[in-house]
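S.K.: Dropping the structure in here first, questions after.
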Amino acid sequence: MAKDVKFGIDARKQMMDGVNILANAVRVTLGPKGRNVVIDKSFGAPTITKDGVSVAKEIELENKFENMGAQLVREVASRTNDVAGDGTTTATVLAQSILQEGMKSVAAGMNPMDLKRGIDKAVRAAVEQIHLLSTPADDSKAIAQVGSISANSDTKIGELIAQAMEKVGKQGVITVEEGSSFEDTLEVVEGMQFDRGYISPYFANKQDSLTAEFENPYILLVDKKISNIREIVPLLEQVMQQSKPLLIIAEDVENEALATLVVNNMRGGLKTCAVKAPGFGDRRKAMLEDIATLTGGTVISEEIGLSLETATLEQLGTAKKVTVGKENTVIVDGAGHSADIENRVESIRRQVEESTSDYDKEKLQERMAKLAGGVAVIKVGAATETEMKEKKDRVDDALHATRAAVEEGVVPGGGVALVRAMNALSELRGDNDDQNAGINILRRAMEAPLRQIVTNSGEEASVVVNEVKSGSGNYGYNAASGEYGDMLEMGILDPAKVARSALENAASVAGLMLTTEVMITDLPQGDDGMAGMGAGGGMGGMGGMM
């Protein structure tokens with residue numbers, strides 16, 4: 001296929017046009033008074049969003065050179081979203097500003113490679129300064145404030161996230177689901193819950209709720225099917241002597257074994273309940289090991305030389321309470337040693353860090369949370385489906401932002417942290433004048449998020465930026481109320497991780513784009529395909545079909 005090639009200024013201009021189209025669509029959403037963007041969908045109602053990365057992902061331009069520029073800046077937003085879960089609009093505004101300033105310098109004859117080296121040097125200094133500015137987000141108040149800011153100043157969402165983190169711990173799993181009412185609600189599942197219920201409804205001992213509830217039961221964990229009752233009779237007799245109920249978690253319980261357990265249960269003999277083990281394949285084995293660690297038991301597995309016929313009470317786990325429903329099982333307060341549980345959680349955390357699959361990461365994090373103390377579910381309420389989608393996106397953003405805040409602490413929000421980090425660049429010098437120009441490019445770009453927040457709130461950006469620069473520390477501008485003051489006291493916080501990743505990703509992609517000299521893309525089909533269509537000679541234009 002024939003290619004279209006553009007060089008030098010022409011290539012950079014078209015790339016910059018694409019960057020501006022995407023960045024101008026995204027930047028209107030920044031800050032407490034940022035506007036919404038309406039996105040048409042090929043099916044269903046249009047989406048209304050104030051989420052930078054959602055807007056960026058929808059933009060595809062007709063001109064292929066412009067589109068390349070737009071896609072490269074979209075990469076900035078996506079990468080920031082992946083790392084920090086928020087700050088996508090800030091990253092886009094930074095990238096656009098670095099490119100605009102940088103393109104002027106390249107046009108003036110400066111060396112693009114030296115400009116990039118200067119920008120990279122400035123980023124390293126600014127990131128160090130951001131770390132120095134950050135304070136730990138230890139208390140619920142700071143977490144709620146970060147969540148509120150990220151959810152577009154929705155304090156209810158911030159409070160719900162703070163409550164959820166308080167209940168399940170900062171490493172616990174918090175999921176966001178669509179609710180069935182107009183209100184946002186929080187549900188917390190204490191203990192370990194997995195999505196398998198009783199094998200037979202005859203195991204239920206609470207007829208009103210159709211659940212099986214046991215206090216201080218023994219828990220038998222088996223990684224194979226149980227179909228022959230004779231395999232487990234010796235163990236059942238030992239459990240009977242202790243007058244305790246028994247929960248069996250196995251790959252399956254069937255035929256004679258299931259029938260005998262059900263009959264025993266109904267006659268009021270041994271109180272039992274059989275549940276299929278959660279997961280499939282290797283994940284099932286791992287989850288059985290998790291339950292064993294939590295309850296202080298051992299998985300009866302032929303792979304390690306254990307059999308049901310010789311199983312003893314010491315190999316069974318125990319828990320304070322177990323509730324088994326039609327579709328779920330909840331184990332509360334397992335008897336496992338806290339040190340063993342911590343080691344298991346740490347082992348899973350290492351697997352999360354090493355995993356490259358998002359799906360595997362999600363499943364590993366769920367396992368980690370179930371061991372660490374439970375799962376919280378935030379149910380988002382709204383009047384219409386369109387509002388529900390928009391709100392769910394905001395809650396997801398807020399959740400990611402609070403996690404980032406817990407990880408690396410918080411800095412003053414509203415673009416102030418980047419303005420303060422500029423102080424680290426005042427004495428910084430490169431190896432030559434072009435590198436110094438690169439440092440100045442980043443210095444000017446670091447004002448851009450604050451300028452955009454002020455512009456979106458309808459004020460004069462230059463006046464506000466000069467006022468903020470004349471102050472120090474947490475002194476900044478609250479765009480929601482139009483007041484100056486201490487940003488931390490006003491509850492305007494950003495996670496340090498968000499500010500850092502936005503700056504690093506914007507400078508990384510923008511620096512590479514500055515050093516572009518040639519752009520190559522496929523020619524549109526019509527440009528090289530039409531010539532062949534006339535070669536038919538009397539075949540009515542069918543020559544191109546041969």
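Glycine residues also receive a Cβ, built from the backbone N, Cα and C atoms like all the rest.
So Swiss-Prot has the following annotated:
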BINDING   29-32, LYS50, 86-90, GLY414, 478-480, ASP494  ATP binding site
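Show me how these features fit into the structure around them.
M.R.: For the recorded site, GLY87 (ATP binding site), the DSSP three-state label reads coil. Within 10 Å of the Cβ of GLY87 (ATP binding site) there are 32 other Cβ atoms, across all protein chains.
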S.K.: Based on DSSP, name the secondary structure state of LYS50 (ATP binding site): helix, strand or coil.
M.R.: coil
